[in-house]
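A.B. asks: Got a structure here, written out as structure tokens. Questions coming.
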Amino acid sequence: MTDMPSVTTPALDRYAVFGNPIGHSKSPFIHGQFASLTQQTLSYEAILAPIDGFEASLRAFFQAGGKGANVTVPFKEQAFALCDSLSAEATLAGAVNTLSLLADGTIYGDNTDGLGLVADLVRHLGSLQHKRVLLVGAGGAARGCILPLLKAEVGQLVITNRTQSKAQALVDIFSQVQEGRYSDKLQAVSMSELSGVFDLVINSTSASLAGELPPLSQSIIGNKTACYDMMYGAKPTAFNQWALQQGAAQVIDGLGMLVGQAAKSFALWRGVEPDTSGVLKLLRDKLQVDAQ
């Protein structure tokens with residue numbers, strides 16, 4: 001009797017998201033759906049990294065065969081510092097949400113948050129060309145979105161923040177990009193001095209999570225203004241409720257941005273960008289069920 005030849009099952013390509021906390025993460029579900037849609041075979045898990053142990057957790061993951069990783073709060077800046085090479089978006093954002101282990105063993109970092117935002121905005125609003133846009137907030141979420149918005153050819157990008165100097169610092173940084181190509185489109189304005197109606201208002205702050213609002217004048221909202229909150233939930237966020245009360249034409253939450261940035265990450269790793277509409281509907285339905 002001859003021995004049957006042994007058959008080895010190839011190891012799954014492993015991916016993960018690192019954060020702390022991480023139990024709430026929808027990334028494993030999203031990437032699992034993307035894998036099914038694109039007929040890719042892979043695994044994707046959520047990893048709780050110790051606050052003081054992100055680098056060790058990440059390197060252990062890569063040493064064990066990990067191919068790529070997403071990074072969420074509070075580790076995006078640490079991930080940036082660990083990269084051997086970076087995309088233009090990541091370099092200017094000063095933060096990374098997507099890591100790839102390259103064939104030579106080095107780590108490449110990208111920031112797909114802004115790309116996900118712009119993809120979702122275009123899906124809802126069409127072209128962003130020539131639009132007058134207000135970006136509320138000057139933290140990491142805002143910083144990661146500025147270059148993609150400028151590349152989408154917005155007409156004007158006004159940045160406002162409770163601390164005016166932080167908004168001005170971002171304008172100073174991005175005014176230098178590509179030999180000042182975007183300098184005439186960028187402006188920092190204090191919240192109390194905002195004037196005129198905007199075509200699009202984007203809230204990058206997390207104020208809605210606490211049911212709070214940035215101190216904005218209702219005069220910035222017109223009957224054709226679209227408002228976008230990067231936060232999301234089963235019900236309209238506090239910011240989007242306020243925008244509707246001021247007569248905004250349309251309000252959009254950040255669930256599509258979450259799915260959009262995941263699709264960009266998936267494309268970086270797998271070479272194919274999945275359609276997001278079906279996954280977005282599944283997540284939206286799940287939010288409603290979980291809220292009941």
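Each position is counted from 1, following the chain as shown.
In case you wondered, yes, glycine gets a Cβ from its N, Cα and C as well.
Straight from Swiss-Prot, here's the annotation block:
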{"type": "BINDING", "residues": "S25, K26, S27, T72, N97, D113, Y232", "note": "shikimate binding site"}
{"type": "ACT_SITE", "residues": "K76", "note": "active site, proton acceptor"}
{"type": "BINDING", "residues": "G137, A138, G139, G140, A141, N161, R162, T163, Q164, S165, K166, M230, G254", "note": "NADP(+) binding site"}
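Distances, neighbours, how buried they are, the whole picture for these features please.
C.D. replies: The Cβ neighbour count for S25 (shikimate binding site), using a 10 Å radius over every protein chain in view, is 19. Taken residue by residue with DSSP, S25 (shikimate binding site) is part of neither helix nor strand, so it is coil.
Sequence-distant neighbours of K76 (active site, proton acceptor) (same chain, six or more apart, CB under 8 Å from its CB) are A95, V96, N97, N111, G140, listed in sequence order.
Secondary structure from DSSP puts R162 (NADP(+) binding site) in coil. Applying an 8 A CB threshold to same-chain residues 6+ apart, the list for R162 (NADP(+) binding site) reads M191, P214, P215.
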A.B. asks: Need this for a regression test: binding-site residues S25, K26, S27, T72, filtered to those with Cα within 10 Å of G254 (NADP(+) binding site). What's left?
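C.D. replies: Of S25, K26, S27, T72, within range: none.
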A.B. asks: Calculate the distance in Å between the alpha carbons (Cα) of A141 (NADP(+) binding site) and T72 (shikimate binding site), and round it to a whole number.
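C.D. replies: For A141 (NADP(+) binding site) versus T72 (shikimate binding site), the Cα atoms are 11 Å apart.
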A.B. asks: Tell me the Cβ neighbour count for D113 (shikimate binding site), meaning other Cβ atoms within 10 Å of its Cβ, over all protein chains shown.
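C.D. replies: I count 31 other Cβ atoms within 10 Å of it.
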A.B. asks: Within its own chain, what residues at least 6 apart in sequence put their Cβ under 8 Å from the Cβ of K166 (NADP(+) binding site), listed in sequence order?
C.D. replies: A138, G139
A.B. asks: Fewest other Cβ atoms within 10 Å: which of the binding-site residues S27, T72, N97 wins that one? Let me know.
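C.D. replies: Counting other Cβ atoms within 10 Å of each of the binding-site residues S27, T72, N97 gives the minimum at T72.
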A.B. asks: How many other Cβ atoms sit within 10 Å of the Cβ of G254 (NADP(+) binding site)?
C.D. replies: 25
